[in-house]
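K.L.:
The structure follows.
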């Protein structure tokens, strides 16, 4: 040991801000664990199942309110999360499927508003279109006629959100990518072909997407002091 450094205070492993963020994220991880441990069958719709499913996303609203000192970006993310929670609850009941699609479409529009159009990066848009067209072209053959219009509109909102998330980069980009993976897996499993462990893939990527997008608020200078 360097004798000249004896007695000097050690640099903390985590900053106070990181500990503050971690503290307010802990309810998200706890409620995610509850969801996966309970694993309530999705063929038995109930308000308990809906609540357990929504709690991780609602906990992220609390997280954003706790760590952000205010601003339009955080407010739009909170709005998107609340719309997502409504969508989560609706999708528990098959008869409310279109209501769930509408709620998630509203969430994507709020994410789009939050992400903005700068930098534009049209090349990324071209890549998203080239990836989306073959997938949706195949899925289209399996969709019930009465859902084609609604799911086409939803797919456009999702693809645009992916483009803007990737353009923003960082945790936002990863979150947008995982959100898209979650939704495309869900749609293929529901309408085209049953996939092994589809629900696990859908919910793991979905919760990961929401927390990654929420963490993008840490790039803002308006974080609340601890």
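Every residue, even glycine, has its Cβ placed from backbone N, Cα and C.
When I checked Swiss-Prot for this same protein, it listed these features:
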TOPO_DOM  1-23  topological domain 'Cytoplasmic'
TRANSMEM  24-40  transmembrane segment
TOPO_DOM  41-46  topological domain 'Extracellular'
TRANSMEM  47-64  transmembrane segment
TOPO_DOM  65-76  topological domain 'Cytoplasmic'
TRANSMEM  77-93  transmembrane segment
TOPO_DOM  94-99  topological domain 'Extracellular'
TRANSMEM  100-117  transmembrane segment
TOPO_DOM  118-123  topological domain 'Cytoplasmic'
TRANSMEM  124-140  transmembrane segment
TOPO_DOM  141-146  topological domain 'Extracellular'
TRANSMEM  147-163  transmembrane segment
TOPO_DOM  164-171  topological domain 'Cytoplasmic'
TRANSMEM  172-188  transmembrane segment
TOPO_DOM  189-199  topological domain 'Extracellular'
TRANSMEM  200-217  transmembrane segment
TOPO_DOM  218-226  topological domain 'Cytoplasmic'
K.L.:
Does the structure show the transmembrane segment (124-140) and the transmembrane segment (147-163) touching, where I'm treating 3 or more Cβ pairs under 8 angstroms (sequence separation 6 or more) as a contact?
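P.N.:
The transmembrane segment (147-163) and the transmembrane segment (124-140): touching, yes.
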K.L.:
Let me know the model's mean pLDDT on the topological domain 'Extracellular' (94-99).
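P.N.:
Across the residues of the topological domain 'Extracellular' (94-99) the model's pLDDT averages 98 on the 0 to 100 scale.
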K.L.:
Please indicate, using numbers and ranges, the residues of the same chain that are 6 or more beyond the transmembrane segment (100-117) and have a C-beta under 8 Å from a C-beta there.
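P.N.:
Sequence-remote neighbours of the transmembrane segment (100-117) are 72-73, 76-77, 79-81, 83-84, 86-91, 150-151, 153-154, 157-158, 160-161, 164-165, 167-168, 172, 176, 183, 213.
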K.L.:
How many of the residues that make up the topological domain 'Extracellular' (94-99) does DSSP mark as helix, as strand and as coil?
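P.N.:
Tallying H, G and I as helix, E and B as strand, the rest coil: 6 helix, 0 strand, 0 coil.
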K.L.:
So if I exclude everything within five residues of the ends of the topological domain 'Cytoplasmic' (164-171), which remaining residues of that chain have a CB under 8 angstroms from its CBs? That is, six or more out.
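P.N.:
For the topological domain 'Cytoplasmic' (164-171), the sequence-distant neighbours (Cβ-Cβ under 8 Å, at least 6 residues beyond its ends) are 111-112, 115-117, 119-121, 124, 128, 177, 179, 212-213, 215-216, 219.
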K.L.:
Could you pull out which residues elsewhere in the chain have a CB under 8 Å from any CB of the topological domain 'Extracellular' (141-146), counting only those six or more residues past its ends?
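P.N.:
Residues 191-192 contact the topological domain 'Extracellular' (141-146) from elsewhere in the chain.
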K.L.:
Give the residue counts of the topological domain 'Cytoplasmic' (65-76) per reduced DSSP state, in the order helix, strand, coil.
P.N.:
8 helix, 1 strand, 3 coil
